[in-house]
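The annotation topological domain 'Extracellular' is assigned in Swiss-Prot to 28-797 on the grounds of sequence analysis. Taken from Swiss-Prot, the feature domain 'LDL-receptor class A 1' covers 31-69, and the record attributes it to sequence analysis. Per Swiss-Prot, disulfide bond is recorded for C52-C67, C79-C97, C134-C149, C173-C188, C193-C205, C200-C218, C239-C251, C285-C303, C318-C331, C326-C344, C382-C394, C715-C734 (among others), and the stated evidence type is similarity to another entry. Under the heading domain 'LDL-receptor class A 2', Swiss-Prot lists 70-110. As annotated by Swiss-Prot, domain 'LDL-receptor class A 3' applies to 111-151, with the evidence given as sequence analysis. Per Swiss-Prot, N-linked glycosylation site is recorded for N151, N765, N781. As annotated by Swiss-Prot, domain 'LDL-receptor class A 4' applies to 152-190, with the evidence given as sequence analysis. Per Swiss-Prot, the feature domain 'LDL-receptor class A 5' maps to 191-231; the stated evidence is sequence analysis. Swiss-Prot lists 237-275 with the feature domain 'LDL-receptor class A 6', giving sequence analysis as the kind of evidence. The domain 'LDL-receptor class A 7' annotation in Swiss-Prot covers 276-314, and the record cites sequence analysis as its basis. Summarising the annotation, Swiss-Prot assigns domain 'LDL-receptor class A 8' to 316-355. The domain 'EGF-like 1' annotation in Swiss-Prot covers 356-391. The feature domain 'EGF-like 2' is assigned by Swiss-Prot to 396-431, with sequence analysis given as support. Feature annotation from Swiss-Prot assigns repeat 'LDL-receptor class B 1' to 439-480. Per Swiss-Prot, repeat 'LDL-receptor class B 3' is recorded for 525-567. Sequence annotations record features per position, and here Swiss-Prot assigns repeat 'LDL-receptor class B 4' to 568-611. Residues or ranges marked as repeat 'LDL-receptor class B 6' by Swiss-Prot: 655-697. Residues annotated as domain 'EGF-like 3' in Swiss-Prot: 702-750. Per Swiss-Prot, topological domain 'Cytoplasmic' is recorded for 820-873.
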Amino acid sequence: MGTSARWALWLLLALCWAPRDSGATASGKKAKCDSSQFQCTNGRCITLLWKCDGDEDCADGSDEKNCVKKTCAESDFVCKNGQCVPNRWQCDGDPDCEDGSDESPEQCHMRTCRINEISCGARSTQCIPVSWRCDGENDCDNGEDEENCGNITCSADEFTCSSGRCVSRNFVCNGQDDCDDGSDELDCAPPTCGAHEFQCSTSSCIPLSWVCDDDADCSDQSDESLEQCGRQPVIHTKCPTSEIQCGSGECIHKKWRCDGDPDCKDGSDEVNCPSRTCRPDQFECEDGSCIHGSRQCNGIRDCVDGSDEVNCKNVNQCLGPGKFKCRSGECIDMSKVCDQEQDCRDWSDEPLKECHINECLVNNGGCSHICKDLVIGYECDCAAGFELIDRKTCGDIDECQNPGICSQICINLKGGYKCECSRGYQMDLATGVCKAVGKEPSLIFTNRRDIRKIGLERKEYIQLVEQLRNTVALDADIAAQKLFWADLSQKAIFSASIDDKVGRHFKMIDNVYNPAAIAVDWVYKTIYWTDAASKTISVATLDGAKRKFLFNSDLREPASIAVDPLSGFVYWSDWGEPAKIEKAGMNGFDRRPLVTEDIQWPNGITLDLVKSRLYWLDSKLHMLSSVDLNGQDRRIVLKSLEFLAHPLALTIFEDRVYWIDGENEAVYGANKFTGSELATLVNNLNDAQDIIVYHELVQPSGKNWCEDDMENGGCEYLCLPAPQINDHSPKYTCSCPNGYNLEENGRECQSTSTPVTYSETKDINTTDILRTSGLVPGGINVTTAVSEVSVPPKGTSAAWAILPLLLLVMAAVGGYLMWRNWQHKNMKSMNFDNPVYLKTTEEDLSIDIGRHSASVGHTYPAISVVSTDDDLA
């Protein structure tokens, strides 16, 4: 082809690719804005919402002309430029006025710190809570709050480690490094046990009565060894047909056998396994596990070790300002565009009428904010805090949609955002974290034979309750300063005062077969617990006087439990088949699943009431995740085989999440939004099972509606909070013990023909106890003094005398039911188990708020309870 013909073809192609429409024409015409936009005098288009909002968004200020002048409210601070910001934003270390006048030194140096606050120095405008002084963290921007603090002095019953840390004297010479520097185990004499004690191989001492009782109390199990007892320990646990029993006694799902991931405590599920190979459609991770091949190089870490995302090639190589993608698909360097050389097959890199033309000179290219001229064409861009909504117009970015952008409260502003803290918290300007005001928060956790506490600031590490048997679950009533825990060996729930130096504790609830977790309702003063043996969830008053099953069906392996009495909901995890997390009203109504997918072994759950989220640990997936309280907006916080080897329980406070790992025998902490800032708080634990944060802000105060108008809400037995679904939801309902139903008045209880008792099949004799209410709720052993009552059987003559009267009553009731059915045969209705929910003609869900009595809260029908004694026998 000749040179002239080649150039003719080049011109023809260039004309074909030339743009046929442009927002800004060469003649200088202004582009017309859409109906949802405002056109500035200079021709630019901005969103209509920005008209007369106090900010000049048009470069010529025309969007703020002819606007009604706004006046600031009394609760606002007036900036020098006339802008209004809330008074609480003044002198908070964050400029909110566009001119920065809310943070001017003249204004802020005049500021006086409030009661319980201290100044960060004469040259600082910052005030911090008194409790933050000498807490080990720099809260003042100049660090003055951590100066001249002196050495920490340990109390008389504490030991001072070489590092200056305080630990309980009981931890000295116990064979464990509790100081983390080994100083508590220096110069220790050989340990000796008392005459009535047995010395474990680890040198610790246990009562002689605990030896050879088929319950390993020594951490090395030497009290149940073959050499000591002459036999192997008898394992009483019977696993369901869908599970297998580990050598260490616990049950796991059959499908977890030989899957490459040890799930038994002793690893026996991975012994004598054939060599594992992945299927052809699977990818083998470096740790040997298999994932579906489609998950490799998908941008998500599906392998725990992340090996599925290693050496992945970027499919789209045409990213960045230095690249140009041809319309025919090739990717070339931007330097080759408009160089009069064909680099794209279709010549799209050499458009004749677009090369080196600055479209931004006319009407800013139609861009509302920034116009960037390119070698070919142009592109619109936005200032920080804004994003393109239609390729030309900029709109505000809602930064509050990003998890963790604020510690607690996020307020979206035009072009930015503002972080605030909930009541009881204050912003730490050094970190941006909302820190609790008041006493030092601490972690309290079980350690099998004792309960321990570690401060989260000064790291003081002490023993709260000692000489326990097998503590597996823990919670607290913080306002009452009481601890509650469940002991697996003693099959009971106990309580103790957290400040009781004598170490006394009391049995509150007996006959708890296999407690998995407990949760204290600090508002209505009840306690909820899951029982892995009876497959039930129960509730009782804190003194144990009244109790009942809340759920005793559709539970396979109930595990962790958490309550939110402010909204009336209870949450629990179940690792049976299928594994799930559920929620329901704390009165037993409105039960529904929360998490049902991508979940296998949900061991621990906890609630973040400040951010309205639920966090859980999956011991099989080695993952920490969260959802909102409706089961939406699921996020993976951390996935780690190292730090989540076998996590058991977790708790949350401020911006940190803390958990116990059974395999590593340690307590860890991490950022609750990102999983970063991993830290080890405690090591060398002995079968730790549960953990809580102890601080008054963990349990926010709420109104006990059961004590609003009359005692116990007028209920004969239990008064339980109802789920607050909407503004018309009842505040509470009455509930009866097992074997009883509510009468029509919604307050009193009547007996059914099949009463339920809490008798145990082994080593426990139960007694029916007559309560002052006249109810017999089953064999409940409590610490309060009660009288044993025997009820003689009624004579047969009395039964024959009542029989004719009973037949007449049944005939009358039958006739009434037939008449009512005839009367309502044409009425269109929908019947539910809970009759307060009715179907309306508008297809909306409405709630009937009728009361049975003026003295009682709204009522639900009675819950039918079925005995589980046969299942437990």
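Using N, Cα and C of the backbone, Cβ positions are placed for all residues, glycine too.
Recorded features from Swiss-Prot, shown on the structure.
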{"residue": "C52", "record": "disulfide bond", "contacts (Cβ under 8 Å, 6+ apart)": "D63, E64, C67, V68"}
{"residue": "C79", "record": "disulfide bond", "contacts (Cβ under 8 Å, 6+ apart)": "V85, C97, E98, D99, S101, D102"}
{"residue": "N151", "record": "N-linked glycosylation site", "contacts (Cβ under 8 Å, 6+ apart)": "G164"}
{"residue": "C205", "record": "disulfide bond", "contacts (Cβ under 8 Å, 6+ apart)": "P191, C193, G194, E197, F198, Q199"}
{"residue": "C303", "record": "disulfide bond", "contacts (Cβ under 8 Å, 6+ apart)": "F283, C285, E286, D287, S289, I291, E309"}
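C715 (disulfide bond) falls within neither a helix nor a strand when secondary structure is assigned with DSSP, and so counts as coil. Helix, strand and coil counts from DSSP across the repeat 'LDL-receptor class B 6' (655-697) read 2 helix, 20 strand, 21 coil.
Counting Cβ pairs under 8 Å to the domain 'LDL-receptor class A 3' (111-151), the top-ranked stretch among 191-231, 237-275, 276-314, 356-391, 396-431 is 396-431. The two recorded residues C218 (disulfide bond) and C173 (disulfide bond) have their Cα atoms spaced 17 Å from each other. The number of other CB atoms found within 10 A of the CB of C251 (disulfide bond), across every protein chain shown, is 17. C251 (disulfide bond) carries a strand DSSP state (E or B). The distance from the Cα of C200 (disulfide bond) to the Cα of C173 (disulfide bond) comes to 15 Å.
For the domain 'EGF-like 2' (396-431), the partner stretch with the most Cβ pairs below 8 Å, chosen from 31-69, 70-110, 237-275, 316-355, is 70-110. When the Cα of C331 (disulfide bond) is compared against those of the disulfide-bonded residues C149, C382, C394, the shortest separation belongs to C382. In space, C188 is the closest of the disulfide-bonded residues C188, C326, C344, C734 to C149 (disulfide bond), judged by Cα positions. A distance of 10 Å separates the Cα atom of C326 (disulfide bond) from that of C318 (disulfide bond).
If you compare Cα positions, C188 (disulfide bond) sits closest to C734 out of the disulfide-bonded residues C344, C394, C734. DSSP assigns C734 (disulfide bond) to a strand segment in the three-state reduction. Annotation: C734 carries the greatest number of neighbouring Cβ atoms among the disulfide-bonded residues C218, C318, C734 [cut-off 10 Å, Cβ to Cβ].
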